[in-house]
Structure formats: C-alpha cells, structure tokens
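Annotated features, as they stand in TrEMBL:
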DOMAIN    A:10-204  domain 'Succinylglutamate desuccinylase/Aspartoacylase catalytic'
BINDING   A:HIS19, A:GLU22, A:HIS115  Zn(2+) binding site
ACT_SITE  A:GLU177  active site, proton donor/acceptor
DOMAIN    A:219-300  domain 'AstE/AspA barrel-sandwich hybrid'
Protein chains: 2
Amino acid sequence: MNVVSLPTLSRVALCGGTHGNELSGIYLVRERLRRREKGAEAEPFALVTVMSNPRAVQQCRRYTETDLNRCFTEATLSTPVSDGTPYEILRARELNALLGPKGSPEAVDLVCDLHNTTANMGLCFISYSDCDWICLHIYRHLQREMATIPVRYVHFDLPIGEAYSLESVGKHGFAMEVGPQSHAVVRSNVYMAMKEGVQLMLDWIRLFNSGSISFEGGPVELYTKVKTIDYPRDSESHHISAAIHPELQDRDFCLLHPGDPVFLTFSGETLRYRGKEPLYPFFVNEGAYYEKGIALSLARRRRLSIPSIQSERR
Amino acid sequence: MNVVSLPTLSRVALCGGTHGNELSGIYLVRERLRRREKGAEAEPFALVTVMSNPRAVQQCRRYTETDLNRCFTEATLSTPVSDGTPYEILRARELNALLGPKGSPEAVDLVCDLHNTTANMGLCFISYSDCDWICLHIYRHLQREMATIPVRYVHFDLPIGEAYSLESVGKHGFAMEVGPQSHAVVRSNVYMAMKEGVQLMLDWIRLFNSGSISFEGGPVELYTKVKTIDYPRDSESHHISAAIHPELQDRDFCLLHPGDPVFLTFSGETLRYRGKEPLYPFFVNEGAYYEKGIALSLARRRRLSIPSIQSERR
C-alpha cells in the first residue's frame, strides 16, 4: 500500500466568532476557554482557541465595519494601514500575526474556523483545496462518525492568495459551517453537532500525531462551487422582489435541474432555473448574503480518491 | 339571538417594519405600496399602509437606538423631547400623531402590525385585550380559513396605558406574529401565510362594514401570558450558559409540565421546569429576546365565549 507521509499537526487553531452573530461557535469557544481557565484537561498538542472578532461578538452583529472573513487575501493583508482603516482589517492583521503569517513556515499547521448558517446545510467543511489530504481525511472521519447530521465538503476553487477567509492563514484549514440556525440565536442541536464535530477532529489529530497508525485512503465526494445566483431585484429601488421558492428552500445539496422552481416573487410568480446543467444548490437563503447579492450558490459534485496517509516519524 | 352592534371600521392601519429585520412584513408592506402607486385596486375603506421604522429597515436591524415597539406607553409618548431623544421615541410620536393619538376618538379604528419571530409560533395574534370582539372575530375567521398554518391568540394582560407596542395606538389592534423565520431572512412560506392572513382580515372588515350580515359568536381559545423565563447565565460575565433544550425547541404552545426539560447547558446538563403549574410556552428561543432576558414566555390557556356581532347601520 502506498502511504503518503505528512508532517504532524503540532500547532492547531480553533476559531469562533469570526462572525459576531453566529452563536454556536462563539459559545463553543467560550466554553472551551472557561474550562481551560479552570485547569481542565490539557491538549496533547498546542491548541490555540481564538475569539476572532470580539467587538462584533460583543455587539452580536456579523461585523462592525467590514466583513472580517473577507479580509484575508494577500492584497488586503498587505495594504498600508491608515487612520480610516476599518477595525476588521486591523483585526485580520492581528490574527495573521498570531496564526500566520499566511503562506509562511511559521503559520499554524491547521485552522478550523467555526461558522453557522441559516441555510439547511448540515455540517459542511469549506476549503480552498481539493487535494489537502489532512482536511479530506478529517472530513471523512466526521462523515463516518456523525450519525445525526449530514457531513459534506465544499471546495472553493480560488488561488490561495485570493482566498479571503480566516482558515486560509493556516498551512491546512477549513471552515466548519453548521446549520440551519438563525443568526443571533443558538439552537441546542446545532451547538451539539458542532461540539461533536470539533471533538472528532481533535481525536483524529491526536491519533494522527501519535504516528501509531496509517489512515486508509479511498473515495470521497466533494462539491466544487461553480457560481452564485442573486435574488431578482426591482430595477429602481434594487430591493429584492422574490424569495427562494418553497420547493427549493431547505433543500441544500439536492440536485437542481433546468426548469426547477428557484424563486417565488412577492406577487406570486414562479421563476425557474435557466441554467443548462443540473447543479447542487447550497447556502440557499443564507441571511448574511442578501447584502452580498447571493440568493444561493451552485456546485458540481465530484468523486475523488484520496491516498492513505500517516504522520512522519519524528 | 343577542347581537352586539359595533361601529364600522372606517380607518384601518396596516404596519410593517416596526422591527427593521423582520422581513415578511416589510416586503408585504413594500409590495402593497408598489401596487398602490401603480394604481391597482382601491380599498373600500380607508386603509393606511405604514413602514413603521424606515431607518431600521434601511439598516436591516431591529432598531437603531431603542426598540420602537416598546415606545408606545403613555409615559414614553408624553415625555418631553430633548436633543438626546432616541430616533425611535421621536418616530413613536410621529406614528402616534398619524394613527392616534392613542386613546382618543381620532385614533384609527384598527391597527394590524406585522411581525416575524424565530420561534415556531405559526400565525399568532398578540393583543392587550381578551374582550375585543373585533380582534377575536377576525382571529376566529383566520383560524377557520387558514389550512396551512396554526392560528392562535395571545393576550398580554396589561392596562392600556402601559401597553407598549404600536397596535395599542388604535381603537382596536393586534400584532400579527408569524414564524419561524430568521431575522434578516424572508421565507416564502412565512411571507405567503402573512399575506393570506392580511387578505382574510381585509375581506372580513369589508364584509363587517357592509352591515349585510351578523357574525355568529361562540367559543374561542386564547393564551394569557403569565410570566417569562430567562436563560441561565454565568454569574460573572452574564453570558448565557445554556440553550433551549432540544425537547422544548420548536414546541411552542405544547404544554410544559413540571419536571420537563427546559435548557441544556453548554457543558451538557439538562435543566428542568420547576414551576408547579403546567403552562404553555411561546416565543421559545426568540432571537430578539436574548438581550431582554427572555428565553421563553409561558401562558395559561383559556376558553371564552364571544358574542355575535354586526356593524351599526349608518
């Protein structure tokens, strides 16, 4: 058997509150920080637990001036700072100094950034790579072990310099997106799923770092984002003029065929999918994306084979 | 048959956007205003359609400085204005001048204020009266006619001077609360239910005003609010330390018995209902109430008999 040897993950970052109104990750990070203060169990590797945007968390808003999770491109991280630089850009630099610098040998080995969505996406990995064997093996571990929630992997096909979100600062990294949960609300089932997902990830890392076993490769399924669709809008006011159709709402990752209903206008008209290729919708009716002009995203499903891996003997 | 004669409802107000991130009511009001501009159908009675808090709507936030829907007490409406008076208090005075003054003969005959909740409450009337035959007859009409959503009536037992919300400005009034819907999100099914509810209300008013028939009385069921319960909180940080228990989440208006689970703490402990009387929970995990210290409200269910009514011949 051909086994790929990879460096151990000696420094790992668990982040929450990158968006200040996504409460499961925020309460999970708070709970871990509280237990650590109390001198609860030590981690067998260096785990740094981070509240990414404390100012937005305090206000229970996604962000205060600009979306922190769009600030981690190389361009934004290297723009000179002035008096008018938004808080979130300053905070992105702090986080890049703490967990990166992005793309450097000093960067932490893995960043897991916790998010919630109003969309019915279950537990979803979001990553800029479709060949990061660490992320894909952790994903497969959660998919096998979690009984109560579907686990999927979304791949954003962007060069790492253009990758805009916090997890791109680590050598490996993914967002763990769990929903549906209203922003500024915590649902117990969503919190518990995220907590279980994080625990399974930490267990996997411990086992990987121990070097005692190799992790068998095999087929995995992932979704590569192709495009986004905006809401229909009034040409003058630019207000949206339709909501996601009831037949599409809550059906993230169910194949959308040409001709299927996508929107129902506020006056009652059904608008249909006019693409030529059946694709998989996700982030369907995500609350934070109205301002970004995204009603839903569409992905192509792919099957890959990942190799067996083990950690390098030290 | 004993029939109560009541004045016609010649001036009616339909309000949305009292909370700027409750989108169904906002889009419904926008759609009606748009159709009116286009010269669509005229109403057979004076209907004023109001966007209550345009500044909060523009920012897609519940409010900008203080919760508008807590500003309609006699005390707040009569406090002198200064330079530091919050926008929402000024706006409450404008609305009181437009639709009231509250408690005066000049007030509009009926205010229907459109709201959304993250709680699983279906379509819910909220009113300060349990003997407003107009509101209760409209409620019963919707309850009979709406097939897709449960319709209930919650009674807040407060003197009218202390009644704090917009609908208290009219001679008759109720909030129409529809959920579950995340704040800052519009779900088509929730929008359509609200639209149907408003249409049924307007149809009923038209028929009532025509004086052509009397509306038969009979039994109705309503829920009178008894108390609220806050989240468990950390004694130092005051952060919440538990979420609504999965067995209670989404079970608004399902009887809660002493000993039933209410919360699940973030460390995994179940906390139970310690009241002595079984009561009906509602506004369970409403997102806007975290800051108000309300995890859920509890009500007693009552059955009333309402009289037959007809409009006074003019």
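Here the Cβ of each residue, glycine as well, is placed from N, Cα and C on the backbone.
Location within the structure of each feature annotated in TrEMBL.
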residue	record	Cβ contacts under 8 Å, 6 or more apart
A:HIS19	Zn(2+) binding site	A:ASN53, A:ALA56, A:ARG62, A:TYR63, A:ASP67, A:LEU68, A:ASN69, A:HIS115, A:ASN116, A:HIS183, A:ALA288
A:GLU22	Zn(2+) binding site	A:GLY16, A:ARG62, A:LEU114, A:HIS115, A:ASN116, A:GLN181, A:HIS183
A:GLU177	active site, proton donor/acceptor	A:HIS115, A:ASN116, A:THR117, A:MET121, A:LEU123, A:CYS124, A:PHE125, A:ILE126
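In the three-state DSSP scheme, A:HIS115 (Zn(2+) binding site) falls into the strand class. Neighbour density for A:HIS115 (Zn(2+) binding site): within 10 A of its CB lie 26 other CB atoms from the protein chains shown.
In the three-state DSSP scheme, the residue listed as 'active site, proton donor/acceptor' falls into the strand class.
Across the residues of the domain 'AstE/AspA barrel-sandwich hybrid' (A:219-300), the predicted structure has a mean pLDDT of 97. According to DSSP, A:HIS19 (Zn(2+) binding site) sits in a coil region rather than a helix or strand.
Counting residue by residue with DSSP, the domain 'AstE/AspA barrel-sandwich hybrid' (A:219-300) contains 3 helix, 34 strand, 45 coil.
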